[in-house]
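Worksheet for the structure shown next.
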Amino acid sequence: DVLDPERLIQCPYNKHHRIRACRFPYHLVKCRKSYPEVAKELATCPFNARHLVPQADLSNHITKCNDKGLIEQVNQSSDFQREQLNAVSTWQAPPCDEDWET
């Protein structure tokens, strides 16, 4: 199950590291420091920072990334909300009978 926080994920810096999904982001930061030469060769997916792929494979990964669809859905939702906010309102304030000077 992709959402299981206990599932094991293979570290992109060291293939012998298998980390629980819930700890994976912390592990990536630590391992990046431990393996700077490997880190130079990897690129981060723009849709999911947990996806580290060889730089040469990044464009291929971007076209196939499962998280790309999620980001596009969020963007479409944001566009719709923005359109709703920018729509011209037909509401008018009711006339005011109060005279603050008196």
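Glycine is no exception: its Cβ is also placed from the backbone N, Cα and C atoms.
Bear in mind that TrEMBL entries carry predicted annotations, made automatically and left uncurated.
Marked as domain 'CHHC U11-48K-type' by TrEMBL: 8-35 (among others). Within its own chain, the domain 'CHHC U11-48K-type' (8-35) is flanked in space by residues 42, 49-50, 52-53, which lie at least six positions past its ends and keep a Cβ under 8 Å from the stretch.
For the domain 'CHHC U11-48K-type' (42-69), residue counts in helix, strand and coil come to 13 helix, 6 strand, 9 coil, using DSSP. Annotation source TrEMBL lists domain 'CHHC U11-48K-type' at 42-69 (among others).
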TODO: State the residues, same chain only, that lie 6 or more residues beyond the ends of the domain 'CHHC U11-48K-type' (42-69) and have a CB under 8 A from a CB inside it; answer 'none' if no residue qualifies.
DONE: 9, 12-13, 24-25, 28
TODO: For the domain 'CHHC U11-48K-type' (8-35), provide the mean pLDDT of the predicted model.
DONE: 96
- [ ] Work out, from DSSP, the number of helix, strand and coil residues along the domain 'CHHC U11-48K-type' (8-35).
- [x] 14 helix, 6 strand, 8 coil
